[in-house]
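Here is what Swiss-Prot records for this protein:
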type	residues	note
ACT_SITE	92	active site, proton acceptor
DOMAIN	98-326	domain 'Radical SAM core'
DISULFID	105-341	disulfide bond
BINDING	112, 116, 119	[4Fe-4S] cluster binding site
BINDING	164, 165, 196, 219, 220, 221, 297	S-adenosyl-L-methionine binding site
ACT_SITE	341	active site, S-methylcysteine intermediate
């Protein structure tokens with residue numbers, strides 16, 4: 001039987017599991033203290049936990065299902081990690097240094113099926129969801145990386161915007177949030193956590209009904225159905241009308257601000273016409289709408305797309321502001337490394353594929 005990651009258990013699930021296996025309820029407090037406060041890397045280091053409990057945990061769980069493969073460090077402090085999972089799949093995690101602290105962007109799926117035509121993440125289709133433990137471990141690996149360098153820094157913010165669609169892996173993502181937000185866990189404040197979705201309308205409604213104060217971001221990227229469908233396949237299933245119905249429910253239920261992500265593609269969605277359409281689309285909820293204009297990171301496989309000029313981005317920004325929409329032009333991170341989400345993973349898989357083909361050719365020649 002393959003053991004699962006101990007990091008995948010929420011506080012409630014760990015407590016229930018320990019009690020079901022004859023352990024005292026307070027053992028959960030001890031175990032989580034070792035995992036998230038002292039941040040040990042083996043069960044054996046949990047010195048105040050009885051041997052019987054240690055043996056039970058060791059027999060059923062592991063603490064390291066991720067193996068570090070590549071680390072890229074940018075001159076601006078951004079660090080990109082490529083991890084290998086226990087089944088050999090590769091995922092990316094990114095740490096960004098912000099004025100307000102350290103932010104980590106986590107991956108939730110191996111590959112992506114959303115079908116955004118400009119994105120590196122979808123170059124390889126989804127093969128499976130990540131477990132809650134595999135998502136939490138991304139944060140823990142980054143934190144261990146910081147601890148190992150005696151930097152005395154901690155991950156203070158989390159964005160669920162890496163490879164995959166978080167709401168397509170809903171239950172595992174919710175457990176991940178419960179772990180990192182819990183005051184006995186990583187204790188990352190809910191207002192410091194943002195979950196991004198490409199627009200799974202039913203799950204936006206589910207998310208509104210959760211007991212979280214976590215921020216929500218919508219990957220919108222176009223203000224009308226024709227344009228959005230041409231660059232985001234998901235719009236065929238959940239049109240802008242369906243998406244806005246879900247957003248209306250979310251806003252009325254939570255009264256929380258929503259960030260709308262809008263990637264700027266030269267000659268595609270960056271005209272004044274689209275800016276005016278976007279302002280009109282968000283007009284009803286402009287007091288809780290916040291638009292994040294994102295400079296495009298070119299992807300080798302998507303040669304049809306280029307980043308908008310600075311002049312066009314500024315003009316788009318000005319049009320939104322003049323029409324009462326709060327917005328910002330996102331600061332770029334890691335431009336001197338594989339900046340686009342999924343790009344490092346895609347390149348690594350290609351390299352491995354090339355090496356394997358060369359090995360096969362060499363073997364054939366030697367036969």
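Glycine residues also receive a Cβ, built from the backbone N, Cα and C atoms like all the rest.
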The one of 105, 112, 116, 220 whose CB sees the fewest other CB atoms within 10 Å, among these recorded positions: 116
Nearest-integer angstrom distance between the alpha carbons (Cα) of residue 165 (S-adenosyl-L-methionine binding site) and residue 105 (disulfide bond): 13
Tertiary neighbours of residue 219 (S-adenosyl-L-methionine binding site) (same chain, Cβ under 8 Å, six or more apart): 116, 196, 197, 198, 199, 232, 261
Other CB atoms within 10 A, centred on the residue listed as 'active site, proton acceptor': 26
Inter-residue Cα distance where the pair is residue 92 (active site, proton acceptor) and residue 164 (S-adenosyl-L-methionine binding site), in Å: 11
Recorded positions clustered about residue 105 (disulfide bond) [Cα within 10 Å; pool: 92, 119, 220, 221]: 92
Rounded inter-Cα distance in Å - residue 297 (S-adenosyl-L-methionine binding site), residue 119 ([4Fe-4S] cluster binding site): 9
Shortest C-alpha distance to residue 112 ([4Fe-4S] cluster binding site) - which of the recorded positions 92, 220, 221: 92
Cβ neighbour count (within 10 Å, all chains shown) around residue 165 (S-adenosyl-L-methionine binding site): 26
DSSP-derived structure type at residue 116 ([4Fe-4S] cluster binding site), helix or strand or else coil: strand
